[in-house]
Amino acid sequence: MKSTLLNKKSQQTTPAWEFFCSWVTTTENRLYLGWFGCLMVPTLVSATFAYIIGFLAAPPVDIDGIREPVSGSLLYANNIISGAVIPSSNAMGVHFYPIWEAASLDEWLYNGGTYQLVVFHFFIGVCSYLGREWELSYRLGMRPWIFVAFSAPVAAASAVFIVYPIGQGSFSDGMPLGISGTFNFMLVFQAEHNILMHPLHMFGVAAVFGGSLFSAMHGSLVTSSLLKETAEFESANYGYRFGQSTETYNIVAAHGYFGRLIFQYASFNNSRSLHFFLGAWPVVGIWLTAMGVSTMAFNLNGLNFQQSILDASGCPINTWADILNRANLGMEVMHERNAHNFPLDLACANCLLSLWPMVG
């Protein structure tokens, strides 16, 4: 009797589990969920709701750990531009700070626990989205290049939100989740690490602006060389079908136009090589930028040319590097002005003596 009941129970549960597995992994649904999606949906939903609530109503956060809280929510005198989810307090360092680690909810909010909640759930969510792209490509029999391409922004987000705060020893050094907070993070990053003079950042700039240029060039060339398959009074869109085997544009005509516009070997005559280049250029550049931020997280900073060129009378002839250094010092003085009086560069007596001729 006991074995009969167990067999009936197993027969009732197995079909339901198999139905759930087939529903999760099927590619026939309007939106593919996948096993990674089972992790992506709750984490991204949690991060989104926590961010919205924190941006609207979070109390001020003691970001510097000196009992001088900074407000970031709309209910505390901020607007869309100045509002942000403030990073966790410097008093927390890189400690994991969930709600149950605080004595009360007020203490958790005061120490910026909202920031860790949003960032960690967001990080898990985007990594799950990355895995979901691979999973869908695998089930459709596609190559995994979409997954590889999306790894670039995931690497950049990981460098800014995870690697850099850990390298600096505190999540208070992470990027605030807001518009003005992002710009503040960029200025402070330049002041402390001289990122503009870092070769890996230069690759990233070339990737972003170059990728935008190549995308605009490719899109305009394709649109200008579409093969017309309809009559004059019909829309050109009626001549194409999704998934058709024939080309929709004349790559030879586009190649000839661009070759005559610049020079012959400046354009691609192979569609696969062209699109691989369009995908690889920005992806590799963003990878290198993420590597640069990760190295600067451990203070392997950009190139710094400290020695000025002196004329015959001993007066310095300032170069662009000197102007950049002076700007960095100014930005660093304004950063955390209540936490310390001077940045480390100005707290050194030798540095002050070396800067004295420039001041004079």
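Positions of Cβ are set from backbone N, Cα and C atoms, glycine also.
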Range among 73-88, 121-136, 297-312 that Swiss-Prot annotates as transmembrane segment:
121-136
Give me the count of other Cβ atoms within 10 A of the Cβ belonging to TYR164 (site 'Tyrosine radical intermediate').
22
Would you mind reading off the Cα separation of HIS335 ([CaMn4O5] cluster binding site) from HIS193 (site 'Stabilizes free radical intermediate'), to the nearest angstrom?
14
Long-range environment of the transmembrane segment (200-221) - Cβ separation under 8 angstroms, sequence gap at least 6:
254, 257-258, 274, 277-278, 281-286, 288-289, 291-292, 295, 302
Report, as numbers and ranges, every residue of the chain located at least six residues beyond the transmembrane segment (145-159) whose Cβ falls under 8 Å of a Cβ in that stretch; write 'none' if there are none.
122-123, 126-127, 129-131, 133-134, 137, 279, 282-284, 286-287, 289-291, 293-294, 297
With H, G and I counted as helix, E and B as strand and the rest as coil, say where DSSP puts HIS335 ([CaMn4O5] cluster binding site).
coil
Rounded to a whole number, how many Å is the Cα of TYR164 (site 'Tyrosine radical intermediate') away from the Cα of ASP173 ([CaMn4O5] cluster binding site)?
8
Using a Cβ cut-off under 8 Å, which residues of the same chain at least 6 positions beyond either end of the transmembrane segment (121-136) come close to it?
27, 32, 34-37, 39-40, 43-44, 46-47, 50, 142, 144, 146-147, 150-151, 153-154, 157-158, 161-162
